[in-house]
Amino acid sequence: MPEQERQITAREGASRKILSKLSLPTRAWEPAMKKSFAFDNVGYEGGLDGLGPSSQVATSTVRILGMTCQSCVKSIEDRISNLKGIISMKVSLEQGSATVKYVPSVVCLQQVCHQIGDMGFEASIAEGKAASWPSRSLPAQEAVVKLRVEGMTCQSCVSSIEGKVRKLQGVVRVKVSLSNQEAVITYQPYLIQPEDLRDHVNDMGFEAAIKSKVAPLSLGPIDIERLQSTNPKRPLSSANQNFNNSETLGHQGSHVVTLQLRIDGMHCKSCVLNIEENIGQLLGVQSIQVSLENKTAQVKYDPSCTSPVALQRAIEALPPGNFKVSLPDGAEGSGTDHRSSSSHSPGSPPRNQVQGTCSTTLIAIAGMTCASCVHSIEGMISQLEGVQQISVSLAEGTATVLYNPSVISPEELRAAIEDMGFEASVVSESCSTNPLGNHSAGNSMVQTTDGTPTSVQEVAPHTGRLPANHAPDILAKSPQSTRAVAPQKCFLQIKGMTCASCVSNIERNLQKEAGVLSVLVALMAGKAEIKYDPEVIQPLEIAQFIQDLGFEAAVMEDYAGSDGNIELTITGMTCASCVHNIESKLTRTNGITYASVALATSKALVKFDPEIIGPRDIIKIIEEIGFHASLAQRNPNAHHLDHKMEIKQWKKSFLCSLVFGIPVMALMIYMLIPSNEPHQSMVLDHNIIPGLSILNLIFFILCTFVQLLGGWYFYVQAYKSLRHRSANMDVLIVLATSIAYVYSLVILVVAVAEKAERSPVTFFDTPPMLFVFIALGRWLEHLAKSKTSEALAKLMSLQATEATVVTLGEDNLIIREEQVPMELVQRGDIVKVVPGGKFPVDGKVLEGNTMADESLITGEAMPVTKKPGSTVIAGSINAHGSVLIKATHVGNDTTLAQIVKLVEEAQMSKAPIQQLADRFSGYFVPFIIIMSTLTLVVWIVIGFIDFGVVQRYFPNPNKHISQTEVIIRFAFQTSITVLCIACPCSLGLATPTAVMVGTGVAAQNGILIKGGKPLEMAHKIKTVMFDKTGTITHGVPRVMRVLLLGDVATLPLRKVLAVVGTAEASSEHPLGVAVTKYCKEELGTETLGYCTDFQAVPGCGIGCKVSNVEGILAHSERPLSAPASHLNEAGSLPAEKDAVPQTFSVLIGNREWLRRNGLTISSDVSDAMTDHEMKGQTAILVAIDGVLCGMIAIADAVKQEAALAVHTLQSMGVDVVLITGDNRKTARAIATQVGINKVFAEVLPSHKVAKVQELQNKGKKVAMVGDGVNDSPALAQADMGVAIGTGTDVAIEAADVVLIRNDLLDVVASIHLSKRTVRRIRINLVLALIYNLVGIPIAAGVFMPIGIVLQPWMGSAAMAASSVSVVLSSLQLKCYKKPDLERYEAQAHGHMKPLTASQVSVHIGMDDRWRDSPRATPWDQVSYVSQVSLSSLTSDKPSRHSAAADDDGDKWSLLLNGRDEEQYI
């Protein structure tokens, strides 16, 4: 007896160990409960005696390719050993395999292979070594359900659904198909049910419906009680209640009512199936029959569990949301004709019994954006006490509420809606005298046969949440209690968004989350503005939710938000009382944070929250209190770019100086003309008073006016510079003119005071001449500068000045149109854009179809198709067709504004070479002042030592002038000339003007360069590293070739494509998705045939039966461009003339899969497959009805321009490297196609940074070219990061250069433009340096011995000419033309040669050994041929952007040869 007890104890211990692997509650295995527990439902026989650990543990072998070292072995063992159900795992590097001991009921080998594949290796089940199930026959351990999932827009949605569902307990595996909008889930039915899976997908913001499933397990009450703790979705109370309800219905007799509904909006049998499957699952629904022809549904239901109104709502809530249900007369009230034969169940008494009159109120609601808002309002308000019924219309923006006025008032209803984050106002009320019986929130009355009123609880569509009567108590509180905490707003920084689909994904999913009231995501800024209920959710939870969607999110703690500012002009104010009236009214308005009104200027500055209120609303408030308000006129944003103010200023200064300078120049010329008649000059030399001649008096008057008028701006600028303890060119000019003026004035005053016989020689002629030439130079300089920013000004000029804001009524009919200035357009406005007009804001198309010209923004030459749901960019031109768009980003948040901001910042930034010039210019002015002083002193000394030197070069010395006066005058002349000729401006303008022109020209060519540093760095690049997936290739698999192997008369190409497309439509594999997409495009249809008996074998292929393809062939929209020899006289294929329904047995897969199914593969077919596989493509075979009939080659296709771009870079002396996480074979195949002979393969993303650093440590300047998402660390590490994508990729912070168009030749163009720009900068600097190095010595008189002498006005003219010449030199960059494709092809003609595999060196992972292409061993050939190369689709995953950019479909057929699509062997 003790021995038996020990055996029983040992078996129980083993059972608990296995159960821990299953994650089942241990208490379920207590001996006291063993008699009542249904072991057969979890896959074991009843009783513990037959259960042993060995009987439930299996051992299998998995083949693994791609391991290179013991680190790979350890990483695989560590990761797989941690999986549930894995007992042990041993990996052998030498044998390339792993031995796995596992529990089959918990984990399967396919899961193990999938996990290994996610690590970057290739894994498959070894043939003949798969574990067998235990000898005892086990009940169904796994079941499969197929869900229809609506709302997925990109690969991010797929990853999000797969990631979340895979984490659920009881889910074995999940595959989501974006193209088919389906999810296939394998699950353990004793742990989770299909309804729970559907509810989880719904909770993520998608619309899910069960498409097909296996019969659920029949669990007894004890099973439910013991297993429900493992179901995270169903609380215990809910499960018990459901069980009790079912027991009541099953054993006490149900009260069935038959109801006939009219349903509009059904189009096909799919709609019928959708309604029947989903409504049939609702609590209380016994049966439902839907007729598509009669547009009716006959429902048998239990009125104690549901009601007609609840059924109506449930059907209308089904995706796609187009169903409209009409109830029969009286179905909503108490007097319904549908009667039951028994009294109502005592188990469902009415929650509330309030007799009396019910009222109806109409509430206007603003801020609703989608059906989710409608459901949120209906769900929340219907739970309030006293609310009988609520119907919300999204199109009309209203809610009709039937309520009990003795319990709740319309004002409380309005407040409750506003607490949810919407704007609400009561429009009208009406009182009804018809008593509605025992109505309460969510209940209605239906009479039975004896007239007894029976409570019919309104059950919302099943969403996995608690029924209404299980809602928390807080939902039933009064509106006063729910308004205790006001909604709050938070801002999140989001990284990883690449396209509008990502924005839509985040907004849609967040709006479905409880507590989130409104969401607005800005792609360009990478920010999200979210209004939320702090009692329900917190910002960190929102950030975590976004991270679960596949993006990086962080809460911006110190971000104040994008509060709006508006400046208004207000007329009609008379006193301070008016000011106070306006300010107090504005500050009391919700949404306005600050208001300041100035009576003197009649201006008002208002700060507001654009989420709550807009500029038009503010103007309306001011006008309502008796004043007139309008938007204050401001200078357009582009005015500072065209330098109009500066040009006007310097033009005025030049003209003033010229008016007074011309007489001065005339007198100078007159005095310099030699004359033999001395009396002609005696008139001007005659003294008016002693010491003051007529000539000096005229000079003094003219010079004084020039100093005050022409030189005023120079003096203001010099004063500002000196006040900040700095010196610039204006200081030098003011010094020169002031010294000449003051010196002349002093000696003239002294002469007058001393009553000299002759008036002294003065410098009054110098300032007018200086100001004339310097002002002329500044004027011409700013004229030239205005041209440097012409590209940016052109971008800014794209912004529309006005927008047509419309008000929509029913059926989107336009009720009113209003022309609104751009500054007054608010977020959420509906804007009408006519043909030829500009899109004023970023938005989404609501109605209409058109083509948008985005060439000036993105550089895309061809117009882009826009349809409802498409995003539009502000500044693009509507080519044809009027459209209505909803504004999503206005003002500075638009894409155009962000691009302008980026280009502005680039033009303001300094290149490294400019920083050196700036440091030199900082010391330049003090140096010139010192040189000028030294020149003055030196010439005074020389003059007194040897007067002959000075006298020889002094122009026209007057015999009446003393020797000292001549020396002093000549010394001052040379000193002032030094001040005038020195020009730091030419040094300061050399780089900025070239950078401004260069970045502007680049922007016009679709290349956004972020500043002067990358612009200068690009010409130094010696190595360019290309990412493969999404950069060199398109990033998604495509069909490259279709090869027919059978009889074309029996199986023509159209029929093969129809059959193959239908078969692969049920596959979730990326290759299957690619084949399905190709077949649909070639056949011109979106619908395919029926697929049954589908079977997928990982690593091998699929098998199924296909039928109903005749309709596709008969009704395809466009004929396939097949060769004429395969068409009959009627133009159709021979096999299509008889539309006899057929069922085809289909096999699609690799060689091994077809051999397993008894097919023989000829050597010709095998050779054809090998040819494609050697190119890195995947070749699959197709067999129909046991006959091998075709081969399909699939690959991630190389971009057309890739090889040309690589060759051009190499011809420029740049080393090109391919770096990818893909396997070596695929990487080598891609490299041979594009001509790259250096490859880094099987590199993890974190290792890409190390590879960049490795090349940088060797002294090379490295450029990294990637998609800007997965490669962002490497982009940041590289000397120049280049992100390739659409115009929205300017949000990528890691890249230095963003190519708006997805064109690799723009990489070449950016380097080419950089070389041109840097060469122009060097020319400018050389000109500026030579000018100063030569000009200053000449001005100082160093070259007097060879007869070169300069007057001060000559120096000023030369200085002005230097600045103008530098700017004009930079403007020559505007003539730059980006080399076109024809030029590149002409240069490469005859030089581009494809590489062989032996010419490509492949570097594996972080290994330091280069691996040349060896001769393939027999084993390599066999393994390469027999396996499907899929790592290109798993190791180096395509970016979300690449997938989104490819959604529009291919522009060309994917067949290699359009004229020879069908090939035969």
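Yeah, the Cβs are placed from backbone N, Cα and C, and that goes for glycine too.
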Which residue does Swiss-Prot record as phosphoserine, given the choices Ser23, Ser71, Ser135?
Ser23
Where Swiss-Prot marks phosphoserine, which residue is it, choosing among Ser409, Ser478, Ser759, Ser1272?
Ser478
Taking the topology from Swiss-Prot, would Gln289 and Ser1211 be on the same side of the membrane?
yes
Looking at 512-531, 592-611, 1172-1191, 1352-1371, which stretch does Swiss-Prot describe as transmembrane segment?
1352-1371
Please spell out the DSSP helix, strand and coil residue counts for the domain 'HMA 6' (564-630).
22 helix, 24 strand, 21 coil
Around the Cβ of Cys154 (Cu(+) 2 binding site), the count of other Cβ atoms that are within 10 Å:
22
Where Cys157 (Cu(+) 2 binding site) sits in the secondary structure, as DSSP reduces it to three classes:
helix
Which same-chain residues, if any, lie at least 6 apart from Cys157 (Cu(+) 2 binding site) yet have Cβ under 8 Å of it:
Gly151, Leu178, Phe206, Asn505
Summarise the model confidence on the domain 'HMA 6' (564-630) as a single mean pLDDT, whole number.
82
